[in-house]
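Going by TrEMBL, these are the annotated features:
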- 34-44: compositional bias 'Low complexity' (COMPBIAS)
- 52-62: compositional bias 'Low complexity' (COMPBIAS)
- 83-95: compositional bias 'Polar residues' (COMPBIAS)
- 141-247: domain 'Acyl-CoA dehydrogenase/oxidase N-terminal' (DOMAIN)
- 251-353: domain 'Acyl-CoA oxidase/dehydrogenase middle' (DOMAIN)
- 365-511: domain 'Acyl-CoA dehydrogenase/oxidase C-terminal' (DOMAIN)
- 563-681: domain 'ACAD9/ACADV-like C-terminal' (DOMAIN)
- 34-101: region 'Disordered' (REGION)
Amino acid sequence: MALTNVYRQTTSFVFNNTLTKGVLIRSLVANASSSTQPSASSPSVPKPPNPNAASSASKPSAEQYPIIKEQQPQTKESEQHQKQTQQRLSPTSTVKDSKTLAKEAKKSTSFIMNLFRGQLYTDELFPYPDVLNEEQKDNVKMLIDPIWKFFEEKNNAAKNDQLEAIPDDVMTGLKEQGAFGIQVPYEYGGLSLTNTQAARLFEVVSAHDLGISICLGAHQSIGFKGILLFGNEQQKQKYLPKLAAGEWVAAFCLTEPSAGSDAASIKTKAELSSDGKYYVLNGSKIWISNAGIAEIFTVFAQTPVVDDKTGQTQNKVTAFIVERKFGGIQHGQPEKKMGIKASNTAELFFEDCKVPVENVLGGVGEGFKVAMNILNNGRFGMVVGLSGTMKMAIRKSIDFAKNRRQFGRTVDSYENVQEKLVRMAMRQYVTESLGFLLSSNMDRGVTEYQCEAAIGKIFASESAWFVLDEAIQIHGGMGYMRHTGLERVMRDLRIFRIFEGANDILRLFVALTGMQYAGLHLRELAKSVKSFNLNVLMGEGTKRLRRVTGMSSGPSLSAHLHPSLQKSGELLSKSIDRFGYTIENVLIKYGKSIRDEQFITVRIGEAVIDLFTMAVALSRCTHSFKKNVSTAVHESNLVNLWCEEAYARINTNLDLITDPAFLKRSKLMTTLAREIVEKESTVPEHPLGF
């Protein structure tokens, strides 16, 4: 019976031609990246400063920054994992076509990708990575206090918000702190921090002023990140020293009036001059952070490229390093924004801007890959930064609740407020766990993290919004007042669910990327059925039989978890098994048309987020027990509560996906939406008739 079902389902899948040509994510890939990423880790043993580096920029010294000393290599665990990863995968930063992806699908060790097959891959999650040695920890600790003190004493976030600018003295102070070159290697004048070290500092900055965090992030997390990842030695020596010192500010220029989430549709053009010495850049970019203050721009434009195979010319995106002094560049007035007002945001115009050919970044026609890798590589900074923002809001809320008396009791003694505080703390804990898992995995050489980064961005931005909303509610009317400081942060936070990949698009991206991976493996299974591979058939048949009879409990996590977390681990195991089975049935039922079933796809994305956050929280908490962290018991209570509720949400979403009543309601919503759009307003007549 089970073997018959294997044959029937898998052959049906093949005949439907599901997902074999990668059509699912073509329109969504703008918010993600290639299947594998360039290694994001900083050098294990940073090189000493290079006295021959071509720049007049001042280099950091031991007197300026106590951290400027050569760090020892990272932990053995990090080194061993990196070696294992290199053995399993050949790191590459190229975007894979569907044929290559099909061949390499079996190699994925991504926890998220394998969830779509109902499988548990623990290499990148258990144990929770611990990548910093004691010296690296000491080094970053020495930076935290000065930066914290600077923001407390020298910076006024409320004033910056009113001025809609960062004062010159604050910018100078940030440069003196080394904040503009946190991850630039020593030899180019930076602090050479690892991703995890940098993450700890990003928490501090975002806890104090999100406007400044945007300025610094636009500068180094995306602005000149392309030079770090893809620049040749000449480009690095020319640009990085002054960028690290803050003498030059950088900006990332991708978004256009007609190209938001669909980055591949940009209109800006760059044509090679007749003498082949430079490209002529024409077009415009909108909503560019640092546009009005930057000297260096990473610009993406369409360039004519001749296909080696066909000989035909087609436009492909190319990345360029553009200097303001090249001429032909103008910026508009600073945008009037809802939040992050202190950051400079403006439109950029390029008119016959001549860019030397040596300023092509990452190769002609490779700009899309460059852009996606930059965005992917920088997302961990947003996750950990928003974790810091949440901690700030929670502290304010606790302070208020402990001291505010209503009806003869302090506010914190009421269960309604207690529930709010616990839910705020849960979301902060999970966000922090996601952020440092991501940064640590990047540091230890993990190259496939695009879905993990996307989920981190989604969860962090939505959790931060939730936490700030609840913080204002706890404060009551006081929270609505400007002097409390929460309303400004609430305004600042709204953009995080939109930029660097809108959450709506990223949910679809995660779901469709995972389903494509599962589809490729399902096709391989179909081949085994056709060739009657008995071992494969028996394995698949047994698995399905256990599911049908209710005997399947999912892949076991018991060996990886602390005893106090075992029940939550069982919930996760059951959820993974059911999720994989549901995905298989969805693929068989819908085939490649699943890309158009967004009511279903979004809920698959929601389930994946809950699965991943459960696993990450369990991993971190187990690590806390192993390290005898004093808060481990408190953490386990938070995690168990989170897992129980996440388990319920997962089952609800998976139930809906297969519920005929839900599918019927979805069709009704489509009809209603069309009626609303057609009328260009709400449809019902007013109750008064006029």
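Including glycine, each Cβ sits where the backbone N, Cα and C put it.
Whatever TrEMBL says is automated annotation, not expert-curated.
For the domain 'Acyl-CoA dehydrogenase/oxidase C-terminal' (365-511), the model's average pLDDT works out to 95. The helix, strand and coil residue counts that DSSP assigns across the domain 'Acyl-CoA dehydrogenase/oxidase N-terminal' (141-247) are 79 helix, 0 strand, 28 coil. In the domain 'Acyl-CoA dehydrogenase/oxidase C-terminal' (365-511), helix, strand and coil residues by DSSP number 123 helix, 4 strand, 20 coil. As a summary of secondary structure, the domain 'ACAD9/ACADV-like C-terminal' (563-681) carries 109 helix, 0 strand, 10 coil according to DSSP.
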